Amino acid sequence: MRVPLSWLREYVDLPAGETGRDVAARLVRAGLEVETVEQLGADLKGPLVVGEVLSIDELSGFKKPIRHCFVNVGTANGTGEPQEIVCGATNFAVGDKVVVVLPGAVLPGPFPIAARQTYGHTSAGMICSARELGMGDDHNGIIVLESHHEPGTDAVELLQLVDEVLDIAVTPDRGYCLSMRGVAREAAAAYGLPLADPALLDVPPANSYGYPVKVADPAGCDRFVARTVTGVEPSARTPIWMQRRLQKAGIRPISLTVDITNYVMLEVGQPLHAYDRNRVDGPIQVRRAEEGEILTTLDGVKRKLSAEDLLICDNSGPIGLAGVMGGATTEILDPVLDPETGLVTGSTEVIVEAAHFDPIAVARTAKRHKLPSEASKRFERGVDPEAARAAAQRAVDLLVLIAGGTAEAGVTDIAAPHPVRTISIAADLPDRVAGTEYGRETVTRRLQEIGCGVVGADTLEVTPPSWRPDLTDPYDLAEEVIRLEGYDNVPARMPTVPPGRGLSEAQRFHRRVGVALAGAGYVEINAYPFLGEAAFDGLGLDKDDRRRRTVKLVNPLNDEEPALRTTLLPGLLGALRRNIGRGNTDLALFETGTVFLPKDELKVAPRLPVDRRPSDTEIAELNAALPHQPRRVAVALAGERLPSGWWGKGSGAVWADAIEAGRTVAAAAGVELTVRQAQYAPWHPGRCAELLVGDVVVGHAGELHPRVIKALHLPERTSVMELDLDLVFEDGRRVSGPAVSAYPVATQDVALIVDSSVPAAEVEAALREGAGELLEAIRLFDVFTGEQAGEGKKSLAYTLRFRAADRTLTADEATAAREAAVALAGSRTGATLRG
Amino acid sequence: MSAPNKSYDPVEVEALKPEVVEQARDEAFAAFAAAASLEELKQAKVAHTGDRSPLALANREIGALPPHAKAAAGKLIGQARGAVNQALAKRQTELEAERDARVLVEEAVDVTLPYDRVPRGARHPLTTLAERIEDTFVAMGYEVASGPEVEAEWLNFDALNLHQDHPARSMQDTFFVQAPDGSADSGVVMRTQTSPVQIRTMLDRRPPLYAVSPGRVYRTDELDATHTPVFRQVEAIAVDEGITFADLKGTIEALVEKLIGTGLELRWRPSYFPFTEPSAEIDLQCFVCRGASVGNPDRPCRTCSSEGWIELGGCGVVNPRVLVAAGVDPDRYSGFAFGLGLERILMNRHNVADMRDMVEGDVRFTLPFGMEI
């Protein structure tokens, strides 16, 4: 809602020196979100005056029409002589009153005006268009004023060019603030000043000879006021003051009758609709649409209606979407000037509708037809049903006053009975909610200020005003009191929180994973979880790969990416590629986050009631409709893992780094990770490891498949790891401190020859088991293949460290243990000692 | 060597004459002083303190003296040998120090050589910022709660007093999850706020409840400098007997002081959220310009866009209807809740100008934030 300060002052006698910013600050503290305070005409400087066109000389020989004019500007130019002005507009005639800016003035821009030579003449000033004056975007020629204005009159004042406009974002609970009346009420309360309520008008009572209206759906329309005005003069123009107020409020002036309905809507918040009575066929009816009925709205769009749409109809069928937009067939005609006769034709007989529609019906219709309008915006948020009569009266008055119309005596007012709403509130409830003491008197006074009727002592019986449908329970009232008393005046206190338990083991684990990976040189990223089939194709997943089964969005941002991720890799590799594109070449990235895995059986989440706690069964039903959302971690590496430098050569990131990242995560969990050769997309079939904790596969790591690397334009040998953090985490894990032996260590090396296909992990496991409990540590220090190892063989060289807890080992003992280790490795894996 | 001889006159033994002993001693002193290296000193040592040195030889003569003369001679020789050894040790120390100094100079390196051999990593600042906020609350006794990102509509909307036709429900542009039949009627959305965690916390446990829950939330905004469809909120909720708006104010003031600093004004603007009543938006006085940029085009402030205030988030006293839906007795308990946007806090606290930097994962953005924020 855009609120011109000058207009606001009409209803609240704000202190003279109060600026827009001052008023905005007060309103903000009362809960209105004033987004901006616009300074209209801040850089405007006169002289800007009314001029009378004395002569027009059409110049020829130029690409566009140019007029050389003399304009009477009274004595505003200091000489009283006609002002010579060259003008490019053609929508004016000799005798017209126009707006002239004289040399020395500055127009908004800032755009300084000086006399200049142009098109062979002197142009000492300019005849102005609305846009040049900052009045709006209308640039259809210059402004032609009504003829009664005197040449030389100050046009800055006349056109009300200097003003401040408060732009207020109105929250859904404050529909009444979509009107000057509502904002003025808040301003009056904020300043403690009286309000001149524009809806306080004398309205004649309803009678039986008003325009016939039948409301078939009183639930959808609980109020319908219709008034009629005849003899409206189509040539009557919207006065400048009204045009300016509409423009400042952000509504484009159209024609007098339409402008009046818009003006009254802005003033009292009641959307009005004006029908050309001569185009309405018989009585007006309010009813729901029949499925498939057609209505052409006044924006020219033909709309197929749904049975839920609330309609205004006549004998011909639908003539309006109630509370949203009128129909084309009955709309007020734009005045048309017949150049031959000089006569203006247009609508002369007007029906004014001021109705109250069900907010939900209007909201659904506006949403269904994607047709948010000034009217629907107000009805959705709640319009004062008691303002309908006053609003209709105000429109009638203006049509009489400005448009020369005659009000007919008939008054239609159909009202569904409204129960009186009263709310009981303990007088100390605001105190208990805020944590301070207001006292009953303050509570009563504040509630009265917002228009409530209040009676009672310890318990107050409160009747909210008709324009506050949002006030429905005692807490709504408490909020009003607290907000009007000022949030600043509520004390600050700390609650007494019982001792907490700190972070859970799982939360601590998640932090450790991040710290461990960052400590290992990985940089964390956060990718979006949206993806499409292309991402899976890029990873080379089979058509029936489980990861292609996704949770899908109805309204994705990008139609190519309608699904939620089932793996972190696409997002991570996207970030990798973006970094490479920006010249960051040596990369180790990680991400932790959820993936979204559809359950085997897809269910719909029930819509449960909200007036009680759902049962445990119902909660389980909600959860059953949600996908599995396990937490994963993934890493991606490219370029050099350890850079080269003056110290020597570095090393490129390889499959082993990716697997090691898995071990880093496992170490953060305190569990042991085992590794098994595997084949799993998108990994290189020979360089893919399955990561296990116990018997459970928790993830995969290794080098990406060359085809994937090529398809995704990644650097060669790009390696990745992804594992499930939930599977790795064990709650309640506790390390037992080992007994550290102080006896000397006995070290023995063994070199074994095995088939190339034998995994090192198996050899090591056999050595460990065979060596028994004397073995303290084992370390593979060399691997080689080639002639020395033999065809199809590889050599694995280990250092075994033996130590006993209670004695110094003899060489024989250590040797026996080593031999046992080698023997088991031999029987398990075919390993033989290298000669 | 001569045998003991009573009549033997020590004076007659040339080597034990005091002037000879002194000469031998002085010669040793001179030799040591003249030694320019440890090697030369070693030779001088052998010459002047070794078995064949003059003083050693003289010492041997003492045994042949008559007992009455032994003491004097022994003292003479002993003193001389002591002085020689002392001189030797002193010179030895000097020469060793010289050698050490020389070697260490030779071994010197350029310690300014770069050594980025082990690359550094970093955690995302939004992660560490969330942890910092969690820690602040954990220190107050709160627990950290979490909930799913794909959430039931009932939890994201209905239970939070946003019924099906509530205008606020269309304000939040929600990603809807497809139902099994492909329609939008799955009853499941991507959560638009962390508030459903409030509900889950209340459904799970009985009051008193004090919980904080950071997490990712989703709205259908296109990514630009100030919007992202995926962003993070931190939600805090307290449900206990006698919780008031005053408790909310105190808690947020404490958080701001911890997180951003002291002495900054907070502005409490009444606002509207269906799940709280009363509701407020909290603005923090701009900690860069402290309001000096307002209406002052000569001193514009990038942090607050010269508005003097920075929007922190929304809060309020939990609407009793929300308590009812979550099974908490509103006559006995009350609560407060608030939600803060992490991206905005990061932008303000760390002068990040463009939201996209937080999203794109460029390592140059993240690395400077290190392990903690």
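Glycine too: its Cβ is placed from the backbone N, Cα and C atoms.
Copied over from TrEMBL, here are the features:
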DOMAIN    A:42-156  domain 'TRNA-binding'
DOMAIN    A:418-492  domain 'B5'
BINDING   A:Asp470, A:Asp476, A:Glu479, A:Glu480  Mg(2+) binding site
DOMAIN    A:741-834  domain 'FDX-ACB'
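For A:Asp476 (Mg(2+) binding site), applying a Cβ distance below 8 Å and a minimum sequence separation of six or more within one chain yields A:Ile423, A:Asp470. The binding-site residues considered are A:Asp470, A:Glu479, A:Glu480; of these, A:Asp470 has the fewest other C-beta atoms within 10 angstroms of its C-beta.
Secondary structure of the domain 'FDX-ACB' (A:741-834) per DSSP (helix as H, G, I; strand as E, B; remaining residues coil): 34 helix, 33 strand, 27 coil. Here the domain 'B5' (A:418-492) has a mean pLDDT of 93 out of 100. Secondary structure of the domain 'TRNA-binding' (A:42-156) per DSSP, as helix, strand and coil residue counts: 2 helix, 47 strand, 66 coil. Taken through DSSP, the domain 'B5' (A:418-492) splits into 31 helix, 13 strand, 31 coil.
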